[in-house]
Amino acid sequence: MLQFTFLGTSAGIPTKKRNVTALAIECLNPYAANSAQQSGSKKPWVLIDCGEATQHQLLHTKLSVRHLAAICITHVHGDHCYGLPGLLASMAMSGRTAPLTLIAPKAILTLIQAVQSTTDLYLPYDIDFVAIEDKVCADQSIANPVILQLSAAHKLEIKIVKLSHRVASYGFVITQVVQSLKLNTHKLKKQGIAATAAWGQLQAGQDVMLEDGRKLVSVEYTYRESQQLKVVVGGDNDTPELLQQAVQGANVLIHEATYTQSVRDKIMSRPDGFDPMHTTAKCIAQFAQAMQLPALILTHFSARYHSYDDPESKAPNMADIRLEVGQYYQGKLWLARDFMRFLVDSDGVRQLPT
């Protein structure tokens, strides 16, 4: 299972209701529900982007920075990375010593080093920096994954895909793979071994000595089964079609919808000819429908839109985005708000109480 918490959903600048971009993804092993890894704030998690004040947003959640496994930065624009130095500093002050994986453009490492040298920032933990430029393929196909081994039977694969924006921008294809030990009950029954506590011990990986003197070796009566979940998180991007390969088989796509098509048309008609290179609600909806995506969560909304949803209002608001998407996409749709939470499992995507 994967659990999302949106920490920031505004594009460019914060508003009274929305902070700038950040998304937490908790990695849950459904077969280790009672383990220490799954209890309270000890669940491993990944942060996608870290806009200014992300650490403030974290204070309103149960997420622990000590169990942050990796940070992935989609691109160097400030609304996606200005919160990173402060978060790293706070992690140091909270006593973190475990290494942190940081997947980001090379310029992000330069930023961190500049902050360290100018502000005397000391980090008592290692940063395992993965430069995105060294991972992406020249033909823009999906790069080889970065593997996060969360436990012996639980790993996260993070692949990177190049997108289209004013600066180099990337999306992350995140696949969680969880292995569980299954019991070969047919073999046990065939050998006349009754369903007793011995079955549970075998499934737990323990060898068992029966009263009749027979020794049952766990590996001879069990097999491993894998469960996979795949989510795609896009950075700033004006060409959703670049994710065509990435979204194959995905449970959900999380993508920007900065404004409506009419707003983009007005921007593009200005004399200065400036192109923000963001996706419209119409554009991402058409792509999601064409790819038959089962679920779509949109985020990164322009500050021009009020957070309420009222089609009758003359002021720009979230109804504008929702109605435009609804014209072209028939799958499950959510417009993210700060602190909105979702669970993704084999049954699909569902919103959790905040």
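Any Cβ shown, glycine's included, is placed from N, Cα and C.
What TrEMBL records for Asp79 is active site, proton acceptor. Residue density at Asp79 (active site, proton acceptor): 22 other Cβ atoms are found within 10 A of its Cβ, drawing on all protein chains shown.
Among the features that TrEMBL reports, Zn(2+) 1 binding site is placed at His75, His77, His165, Asp236. Other C-beta atoms found within 10 angstroms of the C-beta of His75 (Zn(2+) 1 binding site) number 23, with every protein chain shown included. DSSP gives His75 (Zn(2+) 1 binding site) a coil state; it is part of no helix or strand.
According to TrEMBL, the feature Zn(2+) 2 binding site maps to Asp79, His80, Asp236, His300.
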**OP:** Between His165 (Zn(2+) 1 binding site) and Asp79 (active site, proton acceptor), find the distance joining the two CA atoms and give it rounded to the nearest Å.
**Re:** 14
Subject >> Inter-residue C-alpha distance, His80 (Zn(2+) 2 binding site) and Asp236 (Zn(2+) 1 binding site) (nearest angstrom) >> reply: 9
Subject >> For Asp236 (Zn(2+) 1 binding site): intrachain residues, at least 6 apart, with Cβ closer than 8 Å >> reply: Thr74, His75, His77, His80, Leu163, His165, Arg166, Ser169, Glu256, Met277, His278, His300
**OP:** Please work out the number of neighbouring Cβ atoms within 10 Å of the Cβ of His300 (Zn(2+) 2 binding site), leaving out its own Cβ.
**Re:** 28
Original post:
Inside 8 A of the center formed by the CB atoms of His75, His77, His165, Asp236, which other residues of the chain have their CB, for the recorded Zn(2+) 1 site?
Top reply: Thr74, Val76, His80, Leu163, Arg166, Val167, Ala168, Ser169, Gly235, Asn237, Met277
